[in-house]
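J.: Handing you this structure, nothing more for now.
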Amino acid sequence: MAYPFQLGLQDATSPIMEELLHFHDHTLMIVFLISSLVLYIITLMLTTKLTHTSTMDAQEVETVWTILPAIILILIALPSLRILYMMDEINNPSLTVKTMGHQWYWSYEYTDYEDLNFDSYMIPTQELKPGELRLLEVDNRVVLPMEMTVRMLISSEDVLHSWAVPSLGLKTDAIPGRLNQTTLMAMRPGLYYGQCSEICGSNHSFMPIVLEMVPLSYFETWSALMV
């Protein structure tokens, strides 16, 4: 869950988000080292009286500043590709949920059940109860079992939307006429909030997403009551 004046990313709830946090730290360290080196060189140039105005050729330096950036790019690309393949891999999902974006709400259909579907609208500010979050609460939460692989099929009925839940490391575009898919697995129970992350019209800011991750026994009870 995000909080005011937060500087870092949200706490990881899924294995994918944990990998993304590690990759963020890895890349940030490389950027910090490069920035420190550049700042050191600039400071050295401004403070030293040594100049090389007569230097016409420096093949050793050219070789270093060609090979070193290539190595740095490889160090960034390899873990990035690994995470991309992890995000694209879908193996035997335990549950499939179809998500459709609309202007301006989400609809959900549990395809493994015969008649389990609902729309999810944002709760207006004037109807919020004490402790509920402004612009993030919905009338129907998406209840899912924790510690199980869930496949999300995502599309749109009208314009471009984007289904995103930061703490799970999820962001998938909802495109009219196209069905995108992603997987999620939460390692602990709780409420996880997201929002539409593609500008989709005047009420784009009023399309929250709320996932309620629960133990399997609770999910089975909930699904039986909903059907």
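Glycine is no exception: its Cβ is also placed from the backbone N, Cα and C atoms.
As annotated in Swiss-Prot:
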- 1-14: topological domain 'Mitochondrial intermembrane' (TOPO_DOM)
- 15-45: transmembrane segment (TRANSMEM)
- 46-59: topological domain 'Mitochondrial matrix' (TOPO_DOM)
- 60-87: transmembrane segment (TRANSMEM)
- 88-227: topological domain 'Mitochondrial intermembrane' (TOPO_DOM)
- His161, Cys196, Cys200, Met207: Cu cation A1 binding site (BINDING)
- Cys196, Glu198, Cys200, His204: Cu cation A2 binding site (BINDING)
- Glu198: Mg(2+) binding site (BINDING)
- Tyr218: phosphotyrosine (MOD_RES)
J.: To which of the binding-site residues Cys196, Cys200, Met207 does the lowest count of other Cβ atoms within 10 Å belong?
T.: Cys200
J.: What kind of secondary structure is His161 (Cu cation A1 binding site) part of, going by DSSP in three states?
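T.: Its secondary structure by DSSP: strand.
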J.: Ranked by the number of other Cβ atoms within 10 Å of their own Cβ, which of the binding-site residues His161, His204 ranks first?
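T.: Highest number of other Cβ atoms within 10 Å: His161.
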J.: Whose Cβ lies within 8 Å of the mean position of the Cβ atoms of His161, Cys196, Cys200, Met207, the Cu cation A1 site, other than those residues?
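T.: Here the non-site neighbours turn out to be Gly101, Gln103, Trp104, Trp106, Ser162, Ala174, Gln195, Ser197, Glu198, Gly201, His204.
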J.: To the nearest whole angstrom, what is the C-alpha distance linking Tyr218 (phosphotyrosine) and His161 (Cu cation A1 binding site)?
T.: 31
J.: DSSP on the topological domain 'Mitochondrial intermembrane' (1-14): how many residues come out helix, how many strand, how many coil?
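T.: For the topological domain 'Mitochondrial intermembrane' (1-14), the helix, strand and coil counts are 0 helix, 0 strand, 14 coil.
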J.: Restricting to the topological domain 'Mitochondrial matrix' (46-59), what is the model's mean pLDDT?
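T.: Residues in the topological domain 'Mitochondrial matrix' (46-59) carry a mean pLDDT of 73 in this prediction.
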J.: Can you name every residue in this chain, apart from Cys196, Glu198, Cys200, His204, with its Cβ inside 8 Å of the center of the Cβ atoms of the recorded Cu cation A2 site?
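T.: The surrounding set, listed in chain order, is Gly101, Trp104, Val159, Leu160, His161, Ser162, Ser197, Ile199, Gly201, Met207.
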J.: Against which stretches of its own chain does the topological domain 'Mitochondrial intermembrane' (1-14) lie, if we need a Cβ under 8 Å and a gap of at least six residues from its ends?
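T.: Residues 20-21, 24, 166-170, 184-188, 190-193, 213 contact the topological domain 'Mitochondrial intermembrane' (1-14) from elsewhere in the chain.
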J.: With every protein chain in view, what's the tally of Cβ atoms within 10 Å of the Cβ of Tyr218 (phosphotyrosine), excluding that atom itself?
T.: 15
